DNA sequence: GTGCCTTTGTGAAGCTACGCACAAAGTGAG
DNA sequence: CTCACTTTGTGCGTAGCTTCACAAAGGCAC
């Protein structure tokens, strides 16, 4: 691989920190719009909804970009975080699966404004192929490999039904894609070196339901066994098929 | 508050565990569909994409539901996890904001099958009010409080533009809602006792971009300063407004 | 230049989570 | 009944993350 110059922030940006950088970036953009020139870690932390010490430690992983007694220069910090996240270059993104969700994603403004350019929309359904969505014409998934290669797609968003997701995943990884954002409710199997991030709408609701239940009755104090003394036979009475 | 019977799994289910339970539940449902009667922690862990020791420890927080030498009864475990997550009751959910995303959510099948019932769709735009989506008629946000009260809504999904999110949030919390799933790219301010979970599509992409950049060039070895020796003045050249 | 005030950057302590490895517990064959 | 085998449940060492608290550093007034 390429030689690397060892540096303070060389290899060691913790995942937890990386996950928060976009949050800081958004808060900073808000401040920039209002023309704020500098911001203290305290104020920025409040805007981003985190502890100020955590924010300082996070930023310290990027380098020493603050000024003691003053704070951080908003524009400068926006640039540094953007660069660290790789948002100063633009990324070609392909969305596979143009159902309700894929359509919503294609129209979502938050992508284009952050260096993500939707370079292709693909679907297996001939009835959808040819539709014009968000300025792009939907192409057939047969074109998947050629679209990826010709338009230098480096990130693929999978918004297909669960059953198709693994197949699409296999094809795009074989085509050289190493970053996948998966909305299908399945655990994708990928080769070494491929990053998958998963967004699962129903999981979030289930976590909320857990806490809501905890709040409603001070914790589950109901019976621990089956509802009616039912034996543990295969009754298929509870599990909802997805 | 209500008296609580102290129990092994009384108060102490770690958040990290709660976040994984839905994953196990999905894997179990898959096994149940194929008629598998029992499963070992090893196999279930593989299906869910986690370490088997972690899975066993997670499940041990719920109780001792396995049989040594055999494994876990699939149906029984589905029931126990469902109950712990509160999925054995049904939850009335209202979706505020019926844009592309709200529409996708309303049509997403993964909710209904897990005890989440969409009880209301609301939007501020008169052009959308009255539309029929996923079997529901979109109502005006003026009706927000009455919809929440009359239909016992306990979870609200915010899928509005960022600018409207805090206002909607204030109204629903004042109406007694204590669980919110937020898709708007803002940090919501809520009173004590209210749970907010945030799903941010662009943040996931930014995290992917970070890792992708790391893979491309073995870490950022480019200049650490401004592109051209530019001074740190307010140039507004980088930050994209959201 | 001096001294005060503000705010950063970070050492250190506490906490949570992860995963190994193993004893305890259950099954099934003979 | 006994023995060999499987698999759970968990104690424990480790790694990573969070938070506190403070010394070091810079700005500003005079």
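Including glycine, each Cβ sits where the backbone N, Cα and C put it.
Where the annotation comes from TrEMBL, it is an automatic prediction and has not been curated.
According to TrEMBL, the features are:
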| type | residues | note |
| --- | --- | --- |
| DNA_BIND | B:23-62 | DNA-binding region |
| BINDING | B:97, B:98, B:99, B:100, B:101, B:102 | NAD(+) binding site |
| DOMAIN | B:86-187 | domain 'CoA-binding' |
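Chain A comes within the C-beta cut-off of under 8 angstroms for the following of the binding-site residues B:97, B:98, B:100, B:101: B:100, B:101. Under DSSP, the residues of the DNA-binding region (B:23-62) split into helix, strand and coil as follows: 28 helix, 2 strand, 10 coil. Counting Cβ atoms from all protein chains shown, residue B:99 (NAD(+) binding site) has 17 others lying within 10 Å of its own Cβ.
On the 0 to 100 pLDDT scale, the model's mean across the domain 'CoA-binding' (B:86-187) is 96. Taking the Cβ of residue B:101 (NAD(+) binding site) as reference, residues of its chain lying under 8 Å away and at least six apart in sequence are, in sequence order, B:159, B:183.
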